[in-house]
Amino acid sequence: MATAIRSGRIGGWERFCQWVTDTNNRIYVGWFGVLMIPCLLAATTCFIVAFIAAPAVDIDGIREPVAGSLIYGNNIISGAVVPSSNAIGLHFYPIWEAASLDEWLYNGGPYQLVVFHFLIGISAYMGRQWELSYRLGMRPWICVAYSAPLSAAFAVFLVYPFGQGSFSDGMPLGISGTFNFMLVFQAEHNILMHPFHMLGVAGVFGGSLFSAMHGSLVTSSLVRETTEAESQNYGYKFGQEEETYNIVAAHGYFGRLIFQYASFNNSRSLHFFLAAWPVVGIWFTSMGISTMAFNLNGFNFNQSVLDAQGRVLNTWADVLNRANLGMEVMHERNAHNFPLDLAATESTPVALQAPTIG
């Protein structure tokens with residue numbers, strides 16, 4: 001009876017606190033979720049509206065607007081939320097900073113609204129992962145793994161614009177805009193020749209390879225619990241204590257396929273490796289983008305091989321450099337008078353006076 005009376009006196013704030021932190025809810029909210037939900041809702045709503053109906057944005061700050069929305073002629077592939085104008089630079093540009101809504105849209109205000117709310121939302125999502133793990137008594141490595149894609153998002157949406165001096169250099173929010181960002185990044189920073197990007201490629205493709213290898217090995221060494229007429233999936237019951245596959249058989253197969261010590265004999269160390277490999281690789285990629293944001297670029301091996309007479313023997317580094325120069329001169333064509341990359345090459349002799357005729 002005393003318990004019933006005491007629970008009846010719980011105020012609204014206490015009930016809200018209990019609901020927020022209740023791990024028996026179908027979807028755990030958590031205190032980080034209180035921040036995450038409105039931020040991601042705001043970012044998603046603004047993104048959808050801008051992707052469909054936003055007017056053209058003066059991204060380069062030279063009064064040549066670029067249209068990114070569907071009703072301005074784009075499709076799902078070519079459409080994007082265009083980054084805020086180079087005229088805005090790194091200034092914080094909420095709606096109330098503009099003289100009118102039309103000016104805010106023309107200068108790409110929706111991009112900042114989406115990006116800032118998105119970054120806060122996904123950061124809170126990582127905090128929510130830690131919070132739920134803590135309340136369930138689990139180890140905290142889920143949020144550590146999630147920090148890899150989180151760091152990548154911060155690198156392309158925040159750190160890179162900071163380093164370049166304008167949010168107009170941030171990654172557009174669309175498919176073709178992402179590809180354009182990648183091509184321009186290669187042209188300006190030679191990211192393919194940066195060792196941190198190479199480690200990131202090894203992390204992503206290596207992680208895909210290891211995931212496929214692990215899944216196929218487990219699927220091929222399942223303990224048979226069903227007949228030929230039934231699906232093997234029916235041989236597993238959620239929460240069962242016994243192993244569903246024979247790790248000894250998988251270890252023996254893979255050890256003989258390559259060599260003994262290439263195969264894990266400990267399931268825990270195996271799954272740690274499967275998590276750590278791509279996470280560390282993506283961490284390195286994020287660090288690479290963050291350093292190239294401040295123009296600490298990839299290796300330059302241009303014209304590094306010469307013959308005995310001092311003539312250049314072109315390598316693939318020179319081929320890549322030619323491609324970089326082509327991409328550099330083609331992007332933002334009307335914003336550059338003369339690209340510095342071309343001005344930095346060997347000078348071409350020109351006649352300083354007219355030749356004498358006769």
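Cβ coordinates are placed from backbone N, Cα and C, and glycine is handled just like the others.
According to Swiss-Prot, the protein carries these features:
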BINDING   H117  chlorophyll a ChlzD1 binding site
BINDING   Y125  pheophytin a binding site
BINDING   D169, E188, H331, E332, D341, A343  [CaMn4O5] cluster binding site
BINDING   H197  chlorophyll a PD1 binding site
BINDING   H214, S263, F264  quinone binding site
BINDING   H214, H271  Fe cation binding site
SITE      Y160  site 'Tyrosine radical intermediate'
SITE      H189  site 'Stabilizes free radical intermediate'
TRANSMEM  28-45  transmembrane segment
TRANSMEM  117-132  transmembrane segment
TRANSMEM  141-155  transmembrane segment
TRANSMEM  196-217  transmembrane segment
TRANSMEM  273-287  transmembrane segment
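Tertiary neighbourhood of the transmembrane segment (117-132): same-chain residues 23, 28, 30-33, 35-36, 39-40, 42-43, 46, 138, 140, 142-143, 146-147, 150, 153-154, 157-158, selected by CB-CB distance under 8 Å and a gap of 6+ residues from either end. A simple way to gauge crowding: the CB of the residue listed as 'chlorophyll a ChlzD1 binding site' has 20 other CB atoms within 10 angstroms, across all the protein chains here. Residues of the same chain lying 6 or more positions beyond the ends of the transmembrane segment (273-287) and with a Cβ under 8 Å from any Cβ of it are 141, 144-145, 147-149, 151-152, 154-155, 196-197, 199-204, 206-207, 210-211, 214, 264. Apart from the site residues H214, S263, F264, the chain places the Cβ of M213, L217, A250, H251, F254, L270 no farther than 8 Å from the centroid of the site's Cβ atoms, the recorded quinone location. Using a 10 Å Cα-Cα cut-off around Y160 (site 'Tyrosine radical intermediate'), the binding-site residues D169, H214, H271 reduce to D169.
Cβ neighbour count for H271 (Fe cation binding site): 12 (other Cβ atoms within 10 Å of its Cβ, all protein chains included). Geometry remark: S263 (quinone binding site) versus Y125 (pheophytin a binding site), CA distance 35 Å.
Taking CA atoms as the reference points, H331 ([CaMn4O5] cluster binding site) and H189 (site 'Stabilizes free radical intermediate') are 14 Å apart. Between the CA atoms of H189 (site 'Stabilizes free radical intermediate') and H197 (chlorophyll a PD1 binding site) there is a gap of 11 Å, rounded to the nearest whole number.
For the binding-site residues H117, Y125, H197, H214, F264, H271, a Cα-Cα cutoff of 10 angstroms around E188 ([CaMn4O5] cluster binding site) retains nothing.
For H197 (chlorophyll a PD1 binding site), the nearest neighbour among the binding-site residues H117, Y125, D169, H214, E332, judged by Cα separation, is D169. Residue environment of Y125 (pheophytin a binding site) contains 20 other Cβ atoms, counted within 10 Å of its Cβ in all protein chains.
Within the set of binding-site residues Y125, D169, H271, E332, the entry lying nearest in space to F264 (quinone binding site) is H271 (CA atoms).
All chains included, 22 other C-beta atoms sit within 10 angstroms of the C-beta of Y160 (site 'Tyrosine radical intermediate').
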